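Taken verbatim from TrEMBL:
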- 265-287: transmembrane segment (TRANSMEM)
- 348-369: transmembrane segment (TRANSMEM)
- 376-397: transmembrane segment (TRANSMEM)
- 409-431: transmembrane segment (TRANSMEM)
- 438-458: transmembrane segment (TRANSMEM)
- 478-495: transmembrane segment (TRANSMEM)
- 516-540: transmembrane segment (TRANSMEM)
- 546-567: transmembrane segment (TRANSMEM)
Amino acid sequence: MRRKCRIWWPKQALSRDTSSFYVLFGWFVSSSPESVDVVVAFASPEASLPGDHSQLLGDLQSTRASMPLSLQDETTFCALGLISADSNDNLPHPTVPTNDEQASFNSRYNNYQNGEDTFEEKRSGHSCNCDVTDWVLKYSLSLGDCKWIMLVYDSQDDFRCDTYLMPKLHHIHWNGEVLSNCDVQVILYEVPRFGVYHLLPSFLSCSEQVLTSSRKPNWLHELYHKKPLIDLGMTIHAINCAAAAKLVFHRNVSSKRYLKILRPAAFLLASCSAFLYILLQLFHGILDCVSHWRFSAMLSKVFCATRRSISIRCSQFLYWPIYLGDVNFRSRSCVEYAEKAALQRHSIWTNMIVDMLLGNAIGLALLINGEAVRHWVFVVVNNLTNYLLRSGCVWLMGVPAGFKLNTELATVLGMICLNTIQIWSTLWFFLGFLFEHILQGLVMLGMVFGITTAAAFIKDLIELAALHVSALQRILSFIYSWQIQSIAFLWRLFRGQKWNPLRQRLDNYDYTVEQHIVGSLLFTSLLLLLPTTSVFYIFFSLVSASISVLFILIEFIMAVVHATPYLKVLLWIVSPRRFPSGIWFKVISSRNHHLSRLNDSGHISKNSKSSGRSSNVRDADGSFSVLVSQLHSNCSTFRDIVMPHYRHAFAGVSPSFFASAARGLLIGRRFPTTLGVSFSAELPWYSISAKEYWRLCYNSIVYHGEGAQHSCC
């Protein structure tokens, strides 16, 4: 089978200068025995490299050690080969080695690996007559991967890329063989850089979308599960590490001027963080002291949503230097890993800032319009109490919607409800002077802890204000469910059946005549009283369900504020290329080259004219195709960025939430007041000295700043 070679060439390495040799560094990635991917990370002039072989070997080993482990397990960073001008005077054509020459080279290669040969003889002794220096050859062979590539700049070639000369394969040493007529694809790519863009070989959202839909045909599911013919995952992974490899190899260091600006800023920010840390520790200590009081435990239960929101915000503040302090270079060597790690680190404080900005905006609006808010709240509460609850109870005590109810039972239930509403309204009337303080506390919570904490406080206040409605609904639901269960039991009595709780089934049972008589009297009374109980239960259940829907709406807003990736959205607007969703190739040139047979001297004569036919056509005397393409990356959409976060936040919400809640109301269950969304994890509280916390904040900022400067070089 004909060999295939894909050369991934960085655009930054394109050159107009063909006067000097360049040494290529990168990775050989073998996707199959018949094909190889040559990923060129960078090209260095031969004169700029150190002449000492041990020094070069140490630089390459340190570069290899800084690469991700997943890349080290599959391939090795090494010297790939050379590139020079295409001149017959200084670069001879490759020759096909004889059997004796091939056996001699393999023997020398094995001896060198075993330490029996120093390989000090000149490279000109090899069958291809390449003029390669000894130390490059030694390193390439010491890796155990016997590959070496020779590229040329053909100044006579009619193809150029923006006046730059394109590299062209002259020959390649492939496991002891010298090949020059393999199918070649030169792929130009832009070196991924942190903060600019990176590559992603596949887009998982497409397959997930197909898998979640049950109306797609089976062949489409099989298509997404089918393994691709060419696995470019490791190749794209190596391309994402090209910038870091060049950075480590050339020993670039951070700018001293940058550090002079960074350290004072880190000192100031660490001091402010330490001051807030001291305040939080004092506040937490006071709460621990009063937590044993019965009144404090009651307040903790009443304002449970507010307490949880404050605890999440405080834990996020305490742990931010720990999230920021991960500056391991191995995680930054791959641009894809560095981007994901940076987004994960910075998403916490960006969410905190957006949350607090929204809280300050709402707080300022409440302070400016405090009197209008107070008037609106009293009007709403008065209308709900007088025109909804009281009028509704009076209406139910009469003939609601033409239904004839039991007058005595309706009067008793109506008076109980009216008295409860009156007592609770009177209590809140005397506590009306606290409204100004409650409004100020709401504003303070919104400005200090963010809009989510203010929303949680509003939810707790509404639940406390509607406590009488919840209590009446629970009492009526208990009476209603008890009646339903009693009627069902008496109905089974008439049918001669009894419920077996151990086996969870209905068994036949013989009841006595007295039991049938008593059951008939009870069944008739409960069945006739059921409409009266039902209308009161339905009325207060609808009111309680409306309040629960308001709680669910507040929880939904809090979940959206917590789950929205504000940093990703902002970066997506500024630079969409930082969020790739797959790759595609733009074909620039496709040509066929024909090879004549070997002459007597063993050299291969070359015809560089293009045949003008498709690259898939091969002549009987031998031909190889040359395809030049450019690598591009697709960009993710707004939905692709935010939907994974929303899907994770609402993963615990059942699709049949409202349907199951409506069915629960029919059998006397309470409408749920929460969706079950997952907020940020509440981390455990930790306590260290203020000096240690300041040092932790300072080191995190400095190390992260140095790492960011190091990644941008």
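From the backbone N, Cα and C atoms, a Cβ is placed for every residue, glycine too.
Worth saying up front: this structure is predicted, and the values here are computed from it rather than measured.
Among residues of the same chain six or more beyond the transmembrane segment (546-567), those with a C-beta under 8 A of the stretch's C-beta atoms are 309, 343, 346-347, 350-351, 354-355, 358, 450-452, 455-456, 458-459, 462-463, 466, 469-470, 641-642, 645-646, 648-650, 671-675, 677, 679-680.
Residues 405, 410-411, 413-414, 417-418, 421, 425, 428, 432, 435, 465, 469, 535-536, 539, 543 of the same chain lie 6 or more positions beyond the ends of the transmembrane segment (376-397) yet place their CB under 8 Å from a CB of it.
The transmembrane segment (516-540) shares more Cβ pairs under 8 Å with 478-495 than with any other stretch in the list 265-287, 348-369, 409-431, 438-458, 478-495. When each of 265-287, 409-431, 438-458 is scored by its Cβ pairs under 8 Å to the transmembrane segment (348-369), the top-ranked stretch turns out to be 438-458.
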